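> Sharing the record's features from Swiss-Prot:
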SITE      G111  site 'Important for acyl-CoA specificity'
ACT_SITE  C142  active site, acyl-thioester intermediate
BINDING   K163, S192, R249  substrate binding site
SITE      S192  site 'Important for substrate specificity'
ACT_SITE  H235  active site, proton acceptor
ACT_SITE  E237  active site
Amino acid sequence: MPVRIPDHLPAAGVLESENIFVMSETRAANQDIRPMKVLILNLMPNKIETETQLLRLLGNTPLQVDVDLLRIHDKESKHTSIDHMNTFYRDFEDVRHKNYDGLIITGAPLGQIDFEDVVYWDHIREIIDWSQEHVTSVLFLCWAAHAGLYHLYGLNRKILQQKRSGVFVHRRTCQHFPLLRGFDDEFFAPHSRFAEMDVEDIRQHPQLQVLAQSDEAGAYLVLSRNNRNLFVMGHPEYQKSTLNDEYHRDLAQGLNPNVPQNYYRNNDPEAEAIARWHSHGSLLVSNWLNYYVYQLTPYDLSDMTAMTPWESRQETLP
């Protein structure tokens, strides 16, 4: 089923060329289908690239998805035109009165800055707090996952001496969660960050559970026990070239970055990059949208109290 996006959004042409089913708002208005309403808070510098990556995953699910794009209202985007932002993005004041089936909060290039020192931290906290009452399920990616664990559960992160960049093997640590349905016992996922959360700190928290982790990259999938918040420590949305682009950007800035691990053939940055994570990245978002959004969200979004209790759904999910 299609992902519904604003007319003329630049990502549309890219996705259509990849045979991803997208639908304009005009066309979707003529269909009598209750789409899943998903809000995306895009904190990444290249807004259009990130939009395309996330819409690619949402467009590969069997559900019709109606997407709104959200920005921090007083933060200027240095890498995306103001015309694009004003045309396709909403401010929080435009949506705070609404309810959504899902919210995705992206990563951000803020890995070495204390959360409290992030200039728009108060806005992030406000949106996270709002989401707990107005959204069925929240998907936090990379930096946002760390920020969410810190704000909601009081867990802090450790700053790494070197950026963790590359594609790492992960293993399932739980066997019977719908989120992991169809996953192999081991799978790949990309990481690009300057910090990490301690796996044992997460395990010891009574409201959290670790569903997948890596010996090299640590915790990857963390789910709150009320099934409302999913924290993904990596970047399942990344396209094949993203780590390469980041590596060469850092080289150009004189940062002397490490070569992304397990990414280039024979770990040679002059060789071809190999994408090993796309199938599981797609499956992750599809399972989240199906089992943790679609099957739990109320038909009438104005009444979030009508959300189906998770316990009653487990009996029907083998």
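Each Cβ is built from the backbone N, Cα and C atoms, and glycine gets one as well.
Keep in mind that what you see is a predicted model, and the values were worked out from it rather than measured.
Let's see these features in context: how buried, what's close, how far.
In the three-state DSSP reading, G111 (site 'Important for acyl-CoA specificity') counts as coil. If you draw a 10 Å sphere around the CB of G111 (site 'Important for acyl-CoA specificity'), it holds 19 other CB atoms from the protein chains shown.
Within the same chain, the residues at least 6 positions away from C142 (active site, acyl-thioester intermediate) whose Cβ sits under 8 Å from its Cβ are T106, G107, A108, H191, S192, R193, V232, M233, G234, H235, listed in sequence order.
R249 (substrate binding site) carries a helical DSSP state (H, G or I).
When other Cβ atoms within 10 Å of the Cβ of S192 (substrate binding site) are tallied across all protein chains shown, the result is 21.
The Cβ of H235 (active site, proton acceptor) has 24 other Cβ atoms within 10 Å, all protein chains considered.
With a 10 A radius on its CB, E237 (active site) counts 29 other CB atoms from all the protein chains.
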> Could you tell me the C-alpha distance between K163 (substrate binding site) and G111 (site 'Important for acyl-CoA specificity') in angstrom, no decimals?
9
> Roughly how wide, in whole Å, is the group K163, S192, R249 that binds substrate, by largest Cα to Cα distance?
14
> Could you check the binding-site residues K163, R249 and say which one's CB has the most other CB atoms within 10 Å?
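It comes out as K163.
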